[in-house]
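Trainee: Dropping a structure here in structure tokens format, bear with me for questions.
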Amino acid sequence: MEFFLDTANLDEIRKAQAQGLMDGVTTNPTLLSREGGDWRRQAQTICNEVDGPVSLEVVGTTAEEMVREAEDLATFGDNVVIKVPITSEGLIATKALYKKGVKTNVTLVFSPLQALLAAKAGATYVSPFVGRLDGISIDGMELISQIRTIFDNYEFPAKILVASIRNPLHVLDSALIGADVATIPFSVISDLAKHPLTDKGLEQFNADWEKLTK
Ligand code: E4P
């Protein structure tokens, strides 16, 4: 299972990359706007520094606009993946980009049928948003199980990229279900290795070692 970092923040990217925990990055317009400044410069630096796929999102509403934007975004680097919303126009754009050999990440997926359509259109990644579903009392992880079943039934090559992750349990459940990728906020990725019994055990080992060697 791959871990992507869900951020446009360079400090977070550099820290996660140094820890060897990051296989790629996903951004979106909100994450880039949080960083402020020149978004092109920010996106270019991210693409240069990240050793792995970087998702950059189109904002156009017609397929034509999306494909045009994708051509521009693709100039940021060979690792760019074009993030396209799951709309009718987005599906047309996804198919057109697939035919050109451009990798896509179909985003804002909230139902198994949307995921099926994205896979049929040739999406490289399909991004179901689990946290936002949980937020309206719909089980986000159930959606991941349903998509896993559909993709396996028909051997779709599209990768399930679990998005809108809020906590380590989302990551664990994604792994148990067999999702291909989880895109994780930095705060959650930092919590994955933590366990109170690890801290307690380490404290005990250190105290005992000190007694032995004093
Ligand atoms: C993923 O690609 C999305 O950008 C992201 O996971 C959205 O999550 P949010 O619900 O935290 O905005």
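Placement of Cβ uses the backbone N, Cα and C atoms for every residue, glycine included.
The active site, schiff-base intermediate with substrate annotation in TrEMBL covers Lys83.
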Trainee: Quick check: in three-state DSSP terms, what is Lys83 (active site, schiff-base intermediate with substrate)?
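Mentor: Reduced to three states, the DSSP call for Lys83 (active site, schiff-base intermediate with substrate) is strand.
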Trainee: Give me the count of other Cβ atoms within 10 A of the Cβ belonging to the residue listed as 'active site, schiff-base intermediate with substrate'.
Mentor: 26
